[in-house]
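Report on the following structure.
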């Protein structure tokens, strides 16, 4: 585990300092930033604006580790002739759509922007469907966004999400359990009740791959498992540090699993739990801090005004007038 955790860092007595300068973020953060910028600019969810930002971001910086499938979608989204921004994702894999974890990895901003859990679920799904139209892809975004009180509560929520005919049909086609996310979440619960769980067991039971089904439940387990100190991690690590370190130790699609687990852990522990040494070596850290403040303002406005999350015709101009950083955000 040490080699995985310490790559690019010098660690002395459990304190890790980056030695490679600023570490670039991957496609996960790049697309999450697009979600944030779109929500703020449009003061709500606007699929056309969000899709345009995804395509523009990929075109400007294609070397951040995008998967081959989503690259095809993003190239099609850049076409000015495209009338239905959901069509490129629906066309993937002979019309079956992708069940990867790309939709879930960028779900956190929706939970920060909307006070109503129903809106969070709805817009996270719609945002995920811009690139992942199979229910096993976009349902993963809903699982990650719902408030994490207890795993049993999450299972109850997902029972409802996975009860529609489209999801049941997708599960049959892919030869998965009738309600695949619920089945995986039951596995999470089972693992939580064991006195000791090896990394190999977690990988075998939950997975560490690029499919949402093999990574979203894994990320949730990482958060719950690391609420308490673990023998395999430094004693001085806090909960958020343990969560990130444990996510990386699982291997596989590490950036996405750690991204999702980190989003949940960050909401639980707060910004104070993030080591300053980590913040200093992260590309875009200042932008993230600024955007978090602006998302909180949007959350408060939506909560006080009873908004639906759908942008009004004048939303963009109102956003520009209320925040002088808009020009910078749109240029990124």
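Including glycine, each Cβ sits where the backbone N, Cα and C put it.
TrEMBL: automatically predicted annotations, no manual curation.
Positions annotated as signal peptide by TrEMBL: 1-21.
Take the CB of residue 28 (Mg(2+) binding site) and look out to 10 A: across all protein chains shown you find 25 other CB atoms. Annotation comment: TrEMBL describes 26, 27, 28, 253, 255, 256 as Mg(2+) binding site.
Annotated region 'Disordered' per TrEMBL: 301-332, in sequence order.
Per TrEMBL, compositional bias 'Polar residues' is recorded for 315-324.
For residue 253 (Mg(2+) binding site), other Cβ atoms within 10 Å of its Cβ number 24. Minimal Cβ crowding within 10 Å, among the binding-site residues 27, 255, is found at 255. Of the listed binding-site residues, namely 26, 256, the sparsest CB environment within 10 A is found at 26. Same-chain residues that are not part of 26, 27, 28, 253, 255, 256 yet have a Cβ within 8 Å of the Cβ center of the Mg(2+) site turn out to be 29, 65, 105, 254, 259.
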